[in-house]
Amino acid sequence: MKNIEKLERSLTYEFKDKNLLIHALTHKSFKKSYNNERLEFLGDAVLDLVVGEYLFHKFAKDAEGDLSKLRAALVNEKSFAKIANSLNLGDFIFMSVAEENNGGREKPSILSDALEAIIGAIHLEAGFEFTKTIALRLIEKNFPQIDAKILIKDYKTKLQEITQGKIGQTPQYETVRAFGPDHLKQFEIALMLDGKELARAIAGSKKEAQQMAAKIALEKLGAL
């Protein structure tokens with residue numbers, strides 16, 4: 001048995017039904033007939049509502065489109081994995097030896113899913129309002145500055161607006177290579193403009209590498 005009491009202290013919530021928490025921590029590789037996927041589904045919906053309601057009140061004058069971008073910047077695998085890491089969640093997940101040897105305890109997807117499952121489990125046991133308190137505390141701790149300019153770094157859109165306006169060209173993003181083990185895959189992206197390479201970047205996902213390349217291009221153009 002893992003020391004789940006330590007995790008409960010980090011969550012500031014003690015489960016009445018310990019089996020519910022164990023269920024939320026059980027990856028499908030450990031036991032296919034008993035895993036956290038259904039709780040993950042529930043937790044995803046709960047977090048979507050929690051963050052949506054929070055942003056609705058915090059940014060009372062912002063348009064729907066801006067609120068949607070903010071929510072997307074918070075409700076995603078990368079953000080949830082960051083929160084999960086702050087809880088050392090990887091230490092508590094039940095998974096197969098094969099998955100663990102493949103870096104499963106550090107995989108953002110597994111960490112994110114487990115966090116969602118825990119939120120779903122708390123919701124089942126304690127209700128929405130209590131779960132909202134815990135979820136917002138975790139979010140605000142890991143993202144102390146919930147600000148559109150900080151969270152929404154859409155360099156690709158900004159670059160495209162500039163290049164289309166000035167030269168009538170749309171930047172193209174080409175995958176140069178993908179390398180590294182599955183749990184630490186890296187992607188190298190080249191940003192092409194009018195047939196010439198303007199910038200290049202490497203990151204853990206294609207989207208992130210594209211944004212990084214766009215940022216480099218904007219810096220070269222003096223637009224940042």
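Including glycine, each Cβ sits where the backbone N, Cα and C put it.
Quantities reported herein were computed from a predicted structural model and do not represent experimental measurements.
Record check: Swiss-Prot places Asp113, Glu116 at the Mg(2+) site, and the matching candidate among Glu37, Glu40, Glu53, Glu188 is Glu40. Listed in sequence order, the residues Asn36, Glu37, Leu39, Phe41, Gly43, Asp44, Phe80, Ser112, Ala114, Leu115, Ala117, Gly120 complete the 8 Å Cβ shell around the Mg(2+) site centroid, once Glu40, Asp113, Glu116 themselves are left out. Residue pair Asp44 (active site) / Glu116 (active site) shows a Cα separation of 6 Å. Glu116 (active site) counts 27 other C-beta atoms within 10 Å of its own C-beta, drawing on all protein chains shown. Of the listed recorded positions Glu40, Asp44, Asp113, the Cβ environment within 10 Å is emptiest of other Cβ atoms at Asp44.
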